[in-house]
Every structure is written in C-alpha cells, then in structure tokens.
Amino acid sequence: MPCEGCIERDNKSTDVTMEFLLLGFSELLHLQILLFLIFFIVHLATVAGNVMIIVAVVMEPSRSPMLFFLCQLSVIELCYTLVIVPKALLSLAVVGGITISFLGCAAQMLLFVALGGAECLLLLAMSYDRYMAICQPLHYGAVMSEGLCLRLAVASCLGGCAVALGLTVAVFHLPFCQPLSINHYFCDISALLHLACTQSYSPQLPLLAACVLLLLLPFLLILTSYGCIAAVLLHVPSSVGKVKAFSTCTSHLSITLLHYGCATFMYIRPKSSYSPAQDKMVSLVYTNITPLLYPLIYGLRNEELRRVLRKMLTRKKTAQLH
C-alpha cells in the first residue's frame, strides 16, 4: 500500500515511544452511548456466565473429560474478553479514539492470537473426546485419562502461544505508514497489516502460516473426527440411540462452526478485500457475542453441565437456608 512516509525502527527507544491511535467507533458518535451500554451489559453477562461454569466444574469432585475441557474453554473465553472488551469500552467513552503504545499493541495482539489459537486447538481436543466416546466407548475410560486431558490442555495453550509469538514478531517488525491510526477498536492483525508500508504480499505469509496451523489443520481433523462419528452412527440400529449419541456433539459442533466461521472470514482472504467497517462488525461477533453464546449453548445443550450447575445452585440454596 503506498503511503506518505514510513516509520523505520532502528533502535529500541523508537519502539517504546511509538504510539498507535485506535479510532474505535468514531464514525458512530451518535450511537456511542447506546453501544457502550450494550457492550457493558454483554460483557458483564459473559463474565458471569463463564465464571459460573468455572466455579461449577471446579467444585465438582468427579469431573469428566468434557467438563474439564469446558472449564478450560470458559477460562480462555474469560481471558479473551478481558483482553479486548475493556479497551473497546474505553474507545466508546472517549471521543476521537484512544492511544495505545507500541508494546501495548503488540501485547494485546499476542494475547488475542494466543487465546484464539488455544481455543482452536482445544476444540480439536474436544472433538477427539467425542470421537473416543462414540467410536471407541470400551477404551474411552482408559484412553481419556486425567493425565491425557491435562496434556491436551497444556498443548493447546502452548501451541497457541508459539504461533502467536511468531506472528506478533513478524507483524511488528514491519514498517508502518503515517499516520499511525488503526481503524479498529483493538490491535487486530488485518488492521495492522493494512497499515504496513509495503505493496508486496510477503507480510501476509506469517498470517497465512498461522491460519494453516490454527484454523485449517485443526478444522480438517475435527471434520475427520465427525466423519468417523457419522460412519459409526449409521450402523446404530436404534434411532433413539443415534439421536442420543449425536446430541452429545451438537453443542461442540455449534461452537466449532461459530468460532471457525468468524475466524476464517476474517483472516483467510486477500489483503485487497479488507474493509474496516465490515471487519469491526464481524469482530464484534467473535469478541463480544461469541463468548456470551458459549455458556448459553453449553448450558442449554450439555446435560452433564446442566446437572453440575443444578448441583451447585442447590448447594448454594441449602447454604443460604442454614
């Protein structure tokens, strides 16, 4: 993208003093108060829903692998919203956008990608759990041990962090065009790449590699797992058995399609199709609406989680009576 001037970073002091301007929703001044109230209420509901799931699972003495993964998913979503939403709320409270330092912007992008990547890999681990439960039920208890679940959870986090670190270093080594105005409410990858002073597609390569590692490969493996599940269910004679087995997968499938759908639309596309207004609207879904939907979907569709939540609420009522 041609630009008036590029910032060359020859020493560390330049990086420390450099600042970006997050424009946020400055084009919607007449709606800022309404948007602030909506985002704030959604944020509170998201935090409350995910905290409730975390507390309920932690208090449950006999946790199944699915409950363990749900607890980690809620922790990721909670951290995810705390990284993005407070800055978005601040941008709505301040007219003209807010500034963020070079290191602050890099840290926000690093955490955002790391948490999103960890979620992608965790959804893959959850699909493996469903595969073992339906396709290998006799070996499920032995294979899906507490140790394996913990290793899968740690591997998800480490994998997301490794890819996020490589992508963040690659993006923030680019020269950026003046003025350093990001037409977004957080340091999103696409917005920063659009700000880079280069006409080549080489800056897109780290993002493409990250998409392959965190989106394409995990999604293909998830589809493979569900292909095997579908093949097994076709041979189940009882229609009631088929429905019961598949019902344990519906919540995970819903979350997977929602998460991968938004991420694929945002990041697997050419630079020329970048649209700030469109990107901000889609970002609202996966940084505000999606984290709220996760507790609702699992709370309504997952019988095991509903049982644990009911048990927690019953204990709370009993404690209040005494």
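Placement of Cβ uses the backbone N, Cα and C atoms for every residue, glycine included.
According to TrEMBL:
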- 49-298: domain 'G-protein coupled receptors family 1 profile' (DOMAIN)
- 33-58: transmembrane segment (TRANSMEM)
- 78-103: transmembrane segment (TRANSMEM)
- 109-128: transmembrane segment (TRANSMEM)
- 148-174: transmembrane segment (TRANSMEM)
- 207-234: transmembrane segment (TRANSMEM)
- 246-269: transmembrane segment (TRANSMEM)
- 281-300: transmembrane segment (TRANSMEM)
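Contact count against the transmembrane segment (148-174) (Cβ pairs under 8 Å) is highest for 207-234, out of 33-58, 207-234, 281-300. Remark: the transmembrane segment (33-58) contacts the transmembrane segment (281-300), by the rule of 3 or more CB pairs under 8 A.
The stretch from 78-103, 109-128, 246-269 with the most CB pairs below 8 A to the transmembrane segment (281-300) is 246-269. Remote same-chain residues near the transmembrane segment (78-103) are listed as 15-26, 29, 32-33, 35-36, 39-40, 43, 46-47, 50-51, 54, 111-112, 115-116, 119, 172, 181, 185-187, 287-288, 291 (criterion: CB distance under 8 Å, separation of at least six residues from the stretch ends).
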